[in-house]
């Protein structure tokens, strides 16, 4: 019997080695298959045109330059495209790049109309979101004018003293003169200096003339700017000039950011934070009431007084109640992101912890650790890790970037695994762009980004794409929540609810919800395609 088992094991091992040998030989010699890929890199685009920014000024055209291709390749070329790694037999641990052409969600005539409408909406967006403060200003060389480079700000229809104005001219001139010109406001002075002549007080153009340089500079210290056009967030590019020299700087016009502060609550004895006063746990459920109740039970073992908010769009909702539990019902199948919006809208604490309804809290689900990260860093959101029944835990750290495309075509979204850098002072934590579906976030920032309710069945990373550039994201691998097992044992009874859930939660690649998502990304984010690792 023992020899028979040993012979069987040897046979299995021999077959496995032979299979691996054949696989290696086929991938090594077959002309139609590729070698394992190198670490992920953006797909190669067609030959790039010359960058206009590298063209010399006419007076320097005769000077030879050796272009550094490695550096030039890092610059934006505004002609991105998306390509899969393609071909080959996928091998374990081999990095593959998957590309999605979002334009394939449209027929040709519809694509032309959608592209034209999208471009029109994009130009309207630029006109709303950009201001003169975004314009490039280049300071002139060796100017005698002293002026503020940045940091001058005024509220709409209010006045300020303009700091830092001065003329550093050579002494001995008969007369000194400077001019100030504005477009959205007017100039005046808070006091008049003897020996200085003013022209244009209370107007958009102000001239100051004096035979004495010191008197002129003292007068410049008293110059005021008044906003005359009610715009809540813009900038006035003003001109400051003297004979033979002119400079420009911006005065930002806006209301100061209004804070939204939350009381931290009294600290329990020996505790660093009052988690019940700082954190609300939010989840979205659909049909899986057994899993939801298991989640709540596990939460109560460690956080008995933390509020749990539930958004529910089940067909036949069951009552879920208890201390510190809020259960909100929605129309049947309203959707994944719509449920997130509803749950987050009811949060009254500084932070919201998002969890799936089939998670299970353990001793390693330490919310204090996540709160500490947000309290002591500028991050807006920090994710943890989700542990599967196999013991494997994932943080799903994702890097997102958008590359500019050719005019009218849209941009390219790049998604790959990884992080930007470690978070100083917090071992096991990093800074990234997207995390797993278990995260603690500042409630106001989550509401600011929001969850697009048009994404009803399959969505997650789209939230981080909406927040790219405004949402500061981190991830800590040492805060872990368990994921309830999805394994179905063959001897268990058929679960109609689980089958219904699976139909809604896991649509096929050709399902209409997937096509609708591609059309949404094409228009909403002005994308033509996307690649993922």
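Cβ coordinates come from backbone N, Cα and C, glycine included.
Remember, it's a predicted structure, so these values are computed and weren't measured experimentally.
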Message: Among the residue ranges 8-25, 26-43, I'd like the one that Swiss-Prot describes as transmembrane segment.
response: 8-25
Query: At the level of the C-alpha atoms, what whole-angstrom distance separates residue 79 (N-linked glycosylation site) and residue 429 (disulfide bond)?
result: 35
Nearest recorded site to residue 179 (N-linked glycosylation site) by CA-CA distance, among recorded positions 274, 429, 476: 429
